[in-house]
Amino acid sequence: MAAAAEQQQQQQQQGFRPLDEASLVAYIKATPALAARLGGSLDALTIKEVGDGNLNFVYIVLSDAGSVVIKQALPYIRCVGDSWPMTRERAYFEASALQKHRGLCPDHVPEVYHFDRAMSLIGMRYIEPPHIILRKGLIAGVEYPLLAEHMADYMAKTLFFTSLLYNSTTDHKKGVAQYCDNVEMCRLTEQVVFSDPYMLAKYNRCTSPFLDNDAAAVREDAELKLEIAELKSMFIERAQALLHGDLHTGSIMVTPDSTQVIDPEFAFYGPMGYDIGAFLGNLILAYFSQDGHADQANDRKAYKKWILKTIEDSWNLFHKKFVELWNKHKDGNGEAYLPPIYNSSELLCLAQKKYMTSLFHDSLGFGSAKMIRRIVGIAHVEDFESIEDASKRASCERRALNCAKAILKGRRQFESIGQVIVHVQSFDRD
């Protein structure tokens, strides 16, 4: 208790205080950028806490004339408590990444209205209904016809324009330097994605007792450990582009014709395949969860086909858009492939093919790692958790886990996303 009180006193001295609904109103009134967005009278605001995440408080603030979302980072992991401290500086990196990515892809990133570093507080656009979290839409069996197009656009632009394919090494190093201080969030990822699932760890869990042997098999799989070590090293060492850092289906809000990417508090310069893999891997998890949500009225078979098509389209469209950007800017400031060296279309094409093949295999590896950790690690996904029958849930999870292990180990053998889809389908049976 004394330590907690001392920590609270230090935070107040630094200008930080956690806001509740009452103090949030006072804060808004004292902050012109937020007050202007809400307009009119600020004495009749509607405030709703909506944070269902693991780390932060999130409030929707509505007035007769406008709306904002307020997000405040806490100095600990919310889903665990103050026994697991966590830097509040993640709010700075989230605000910075939102602003940078919105500049590159304004159609799919919400606007930041206000950032208060001392308070670890972001005021941003309220992504209004009928937008919902993509994960919830996937659980409900809703099709999003533009999802693949939109996410391919987002990933191609945010990754290409923050890489050495577009930037000079000087500018790239400046970006890396800015985000390297987000080390605590990166270390959290290192722990929960690349370490804990492969050993006995305090916060690991699985659908017990059904998956106890499956979790043990992960911890005892030497080949899997060798592959995950390679991915962990790449995650830590390879500053390829400015990543979102947590691009799962809970970080995307959608309607049938709109896609908005939120929550980049894990942003850092890392391997592009980590973002791509997070998105594709979470779609594969959604695919394997569908049997647990099927009923007599809807067997979900048609929806499962739509998910597979979305996975395939997402990669293929990303590949197309990314290479198009590369070709468009091949004579620009990018220093990875200098025009005097790659001085023929044939040579550039070969370089692009090698680059994209490597990126494809990276994406498969990271996507598989993200799948595994959601089944035998600390933080699971609602896709599976909302399946009430534990035996049925475990059956869905086991298929996903076995699929992920196989893809991770054999990722370099795949030559197309179509081959991956066939492979995924081969695990979709008891």
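Count begins at 1; order follows the chain as displayed.
Keep in mind that glycine also has a Cβ here, set from the backbone N, Cα and C atoms.
The feature ATP binding site is assigned by Swiss-Prot to Asp52, Gly53, Asn54, Leu55, Asn56, Lys71, Arg125, Tyr126, Ile127, Asp263, Pro264, Glu265, with similarity to another entry given as support. Secondary structure at Arg125 (ATP binding site), taken from DSSP and collapsed to helix, strand or coil, is coil. Listed in sequence order, Val68, Val69, Pro110, Glu111, Val112, Tyr113 are the same-chain residues six or more apart from Arg125 (ATP binding site) with CB atoms under 8 A from its CB.
Swiss-Prot lists Asn56, Asp246, Arg373 with the feature substrate binding site, giving similarity to another entry as the kind of evidence. Take the CB of Asn56 (ATP binding site) and look out to 10 A: across all protein chains shown you find 22 other CB atoms. Mapped onto three states, the DSSP output places Asn56 (ATP binding site) in strand.
Within 10 Å of Asp246 (substrate binding site), judged by CA to CA distance, lie the following binding-site residues from the set Asn56, Ile127, Pro264: Pro264. It is 19 Å from the Cα atom of Arg373 (substrate binding site) to that of Pro264 (ATP binding site).
Taking every pair among Asn56, Asp246, Arg373, the residues listed as contacting substrate, the largest Cα to Cα separation comes to 21 Å.
Following the DSSP three-state reduction, the secondary structure of Pro264 (ATP binding site) is coil.
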